[in-house]
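For reference, the structure discussed in these notes is given below.
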Amino acid sequence: MKPLQLVMQAFGPYAGRETIDFRSLGNRTMFVISGKTGSGKTTIFDGISYAIYGKASGEDRSPTELRSQFASNDVMTEVELTFSLRGKSYRIWRSPQQDKKKARGEGYTTINARSELYVYDEDGKEQLLAANVRDVDEKIKGLIQLDANQFRQILMIPQGEFRKLLTSDSKDKELILQRLFHTELYKTIQEKLKFEADDLKKSVETSMEERTRELLRIHFEENEELQSLLLENPLNDHHILHLLQAHIENMEIREKEMQLNYESVQEKRDDLKKQLQEAEGLVDQFVLQEKLRAQKESLLKLKPEIESIDRDILLAQRASRLVPQDEYCHKLSRNLKELKGQLAQLTEEKNAISQKLLVAKETLKEEKNNENLRDEVSKKITQLEEMEKDIDSLDKLMKDTKEMKESYEKQQGIVKKQKEQISFLQEGIKSREKRLEEAENGQEDLFKLEKSLQENQSFLEQVNEIKKMDQKCQLVHKQEQKLKEQYLHLQKQSLDASETLVHLEEKWHSAQASHLAKGLVDHAPCPVCGSEHHPHPAASVDSLPSQEDLKVAKEKQQELNQEEKRMSLAIAQEETKMQGIQDQIDDIVRKIRVKKSDFEPDEIDDTLSQMTSESEALTRTMAEKKREVEQAKVLREEVRKGREKLEELDGSRLKNLDKLQELNTLFLTKDTTLQKVKESIPYELRSKDQFNKVLKEQKQKREELKMAYERAQKQYYELENMYSVKESQMRDKETQIGKVDVEMKTEREAFLSLLTEQGFSHYKAFQEAKKSEAEILGLQEKVKKYGEDLRSVSDRLHDIVKHLQDKHKPDVKSIEENISRVTEELRLVNDKLNKIMTNTKENKLILSRVTSINEGIKHLESRYQMVGHLAEVARGQNANRITFERYVLASFLEDILRVANERLIKMTSGRYQLIRKTDRSKGNVQSGLELLIFDQYTGQERHVKTLSGGESFKASLALALGLADVVQQYAGGVSLETMFIDEGFGTLDPESLDHAIEALMDIQSSGRLVGLISHVPELKERIDARLEVISSQSGSRTEFQFLA
């Protein structure tokens, strides 16, 4: 990935739209980013990182916090990056979640984060790849093939991130190297081995469970030893199978015995069934005998009915001889009736045709009378056809005139629009000239505003200082009050201590007088006053203070006095301090009142609020004024272009006015000619469409008149012909009716003669006796069947009576009871036989299955020993705690370290060399990718975290460069064409800096772009391209500077 152009708007310290075109570097592949602290150097890296990943380059900066505080409310924060990757160019645009001022009303509305990604095709046209944050993130992930953390550790190394790749543990390095070297295959092998091992283990467990289920299905029956083994947990399958084999052999012997028993009982049952069958046959013959007797009696009762049927058959046979003649007479009668109906229908049809013929004759007469109308219509059509050329000319002239008018009106619109454009443009130029004048005069206002803002800021600082001092003064006052309260309490304690001391001294002196009084003797002199008389000696005291009591009281009183003096001094110091603060406040107030005479310290909060608002207002006014000043150049160019456009529009308007006049003349000429032509043509025919419509109507009318005459002729002649046909048909029908009527009378006389001959006195007797041939045959069959049934029943009855002579009816029920008893016995024997046969079969099957399962388990366990061991080794459960994938990654890391050490040895003058830690880590922590440093001075290894800041920077730089070189050598999907570094050079001594620069210079030969953020002067001198970040009160800007 190589950046081509970065555009930031309202982003970090960049208030407006800031464009950094990396293409201006030309063939240069290294540049320094320099500028003041806080100017926005790191923000450039933030912009690139945010554009690609939606995240800043450092973990302590979130996207929502990157909005510029210099930007106005109506400018949205957004970042756009154009970059090249694997021969293609892309453009990505992002905007973070932010608040936007509402277009109407007050308040703000929240705009969600947005993002778009484009690719440039071969013609340089943009093609949209993704249009929302989620899709863009997915596309970027596929293109860059690094996540944000990996990007920071390999391509863009910001502040605080530089040492992470160097000092990260094995797990973090594994994530980076996995993506860079595409080692997912090795991890897949690990997982596949684990899956296969787990699958084998599960298969063994499943097989063992299946074996247990099969063994528990064994039918042990009365084999107590086998039953006992099946109750054990776990089951001893080997012992159980041994006993099962013997048990199956015993079951087979019992099965044969039961089979013999079953056959014996079955033979007994079959004998009983045979007896039952013979008894049931004899009983059936007794039942049949009774049945035949009853049938014979029933048949004898039907004999009179059969005799009557014989008589009916004879009459029916006689009547059948008359049926043909009777049917022929009926046929003639039906024919005669049908012919008469047809004659009536023809008569009705002839009358209807006669009525239609009269109407058709009248219609034909009317159509003949329309001859004049047909001629008139034909003449009118001829006149219209002669007028058609004039109509065509008129139509063309009307279209030409209309087009001329439309052209004139269109030209009128163009002239009007140009006039409006000129007016709008003149107003715009006038407005811009006014704004330009204001902008050009605004520089002085800007200086005044800056001065006012500085004075206001100075005043705010002074007022804030007063507020701070006032707060400090209040704290001192509180401390003073507290000390005074303590001082009063101390004074009371000191007074009490003094009173106590005086009281004790008085008691002590009294005790001394009492002691002297005890030694006084009358007429002996007093040792104090010398008097020999002692009228009132001191009384004896009960409680006497000791010398120690007096000492303690004096020390306490002196201690309190000293504390009182110290407290008084502390109060005086607090008063002095408070007075000093007050003097400072008064001094600042005097300075403020020189410029602001009405300033009152008591109203400091109101003043602060007011001055802060004024500062904010001044800042906003300054920003607006600055934008106005910056707009001067733009406005000047807009005015110039506007005047050029105005001149161009005015020239075009004059040409269009001439064209408008020309079109007006042409239109008036055409319109005059049109009016003259219209006068020669009737108004209703001036339209071509109307003319065609009238002509079409007349032609249609002529055709309708012609068709009506032809239809009337045709209809009349057709009806006349139909009338003649109907008359002829009626004459034919009348002739047919006469012939049929004569024939019917002759045939009827012949039928009556035959009726008498067959013995029928009248036609009704014939009708009653008449039967169909099928009916006669049915009656004959019935008589015949009766005779046969009677003979059959009589013969069978005679035979069975003879057969049953001297025989008795058997006891069938007793035989059936014996059969039921033996059948139940057979069922019980069969159940036992089936059970032992089924159990024997199932036990054999279980024996076979368990034997097969054992063979399968043996095979699975053999394979698991190999696959399980491989899975454990591949997953890092080995002596070195290294997974198969990490072992491969360690090989890649060795290649990286080999290349990195070439640069590190140069940068450290041969002292340091990076090596991979091969020792196993403590506990179960996986290892293999952590780094150590070998120090040639000590000849020992130590952890890379023990390196100093400068040493760590050199090691990190060498590792980062080595990583990029090795990744490109393996030609993976990751493209490392760029590197940005944001720290570390200031920690290097001059010699180390030279080595580091040389290492960075070496990678330029590969065409990689290297960007460095640094304040080191030597870098600026040795690298001929510099991106200078310039900060100001209104935000930062950038510009590329190149050494000659």
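Cβ coordinates are placed from backbone N, Cα and C, and glycine is handled just like the others.
According to TrEMBL, the protein carries these features:
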type: DOMAIN; residues: 5-307; note: domain 'Rad50/SbcC-type AAA'
type: COILED; residues: 248-289; note: coiled coil
type: COILED; residues: 329-411; note: coiled coil
type: REGION; residues: 531-563; note: region 'Disordered'
type: COMPBIAS; residues: 548-563; note: compositional bias 'Basic and acidic residues'
type: COILED; residues: 688-729; note: coiled coil
type: COILED; residues: 769-832; note: coiled coil
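Looking at which of 248-289, 329-411, 769-832 has the most CB pairs under 8 Å to the coiled coil (688-729), the answer is the stretch 329-411. Residues of the same chain lying 6 or more positions beyond the ends of the compositional bias 'Basic and acidic residues' (548-563) and with a Cβ under 8 Å from any Cβ of it are 490, 493-494, 497-498, 500-501, 504-505, 508.
DSSP places the residues of the compositional bias 'Basic and acidic residues' (548-563) in helix, strand and coil in these numbers: 16 helix, 0 strand, 0 coil. In the predicted model, residues of the coiled coil (248-289) average a pLDDT of 85.
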